[in-house]
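Novice: Can you read through this structure? Questions will come right after.
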């Protein structure tokens with residue numbers, strides 16, 4: 001497969017871009033972990049930035065809601081933030097102190113669901129900012145990323161618990177153990193085949209779990225690739241960032257893996273998303289936003 005990668009510098013130096021998502025405004029929105037800003041980039045590479053009110057908020061993952069608002073996690077500030085496409089920001093405090101909010105997604109109920117890394121809970125926040133929390137069965141599970149599955153249930157990774165969990169709209173939790181010990185699952189996404197696909201940052205594998213809980217794992221070609229985030233591409237394959245090897249990876253639903261080198265050395269790719277142009281967009285902690293175009 002032929003591809004082309006473009007990279008766009010962020011105006012604020014040392015901004016530390018981390019999470020990225022596509023908005024309803026034909027642009028991509030991303031978090032700037034070090035600059036404490038939310039960024040917006042058009043498919044032509046034009047960038048705007050918005051400062052978050054809470055200082056050193058620890059901006060992490062960002063997701064677009066169906067009503068157009070962008071929601072993001074503030075790991076250090078212990079808040080969930082919301083920004084409109086006009087740049088207006090509101091922040092909501094989480095009841096559990098030092099909960100470490102990280103992964104975030106929209107649920108089938110229209111609410112925003114998120115993980116609490118250190119709080120060991122899954123949270124739900126309404127559009128009005130009302131928060132409900134559900135404690136996980138096992139301590140120190142370190143719930144990381146979360147996504148809505150094809151079955152209408154929220155699925156999440158347990159980075160330290162070495163499990164994939166799911167939670168219903170009623171707060172009922174089920175967990176499935178990953179075969180590889182200490183795999184360190186992080187990113188998770190709903191695949192084109194109806195299954196959930198996730199990355200193993202320590203196991204150096206891509207995992208697949210059916211909605212019935214059956215797990216398969218696929219080895220990556222590059223050792224110590226440290227896969228971080230994953231998304232379903234417009235081509236029907238899964239795309240993921242390889243933070244350790246400075247690559248963007250691709251895996252088909254049959255398990256065939258390809259890897260593509262990022263032009264900038266040591267770019268530290270993290271978040272990944274599909275843009276309105278159907279390209280793969282990703283956040284590089286080296287202060288750039290990348291765009292991978294399928295030729």
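Each Cβ is built from the backbone N, Cα and C atoms, and glycine gets one as well.
Source: prediction; values computed, not measured.
The following feature annotations were taken from Swiss-Prot:
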- 228: substrate binding site (BINDING)
- 268, 285: Mg(2+) binding site (BINDING)
- 270: active site, proton acceptor (ACT_SITE)
Novice: How long is the line from the C-alpha of residue 270 (active site, proton acceptor) to the C-alpha of the residue listed as 'substrate binding site', rounded to the nearest angstrom?
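Specialist: Counting only the Cα atoms, the answer is 6 Å.
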Novice: In whole Å, how far is residue 268 (Mg(2+) binding site) from the residue listed as 'substrate binding site' when you measure between their Cα atoms?
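Specialist: Distance (Cα to Cα, whole Å): 10 Å.
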Novice: Counting other CB atoms within 10 A of each CB, which of the recorded positions 228, 270 comes out lowest?
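Specialist: Result for the recorded positions 228, 270: minimum number of other Cβ atoms within 10 Å at 228.
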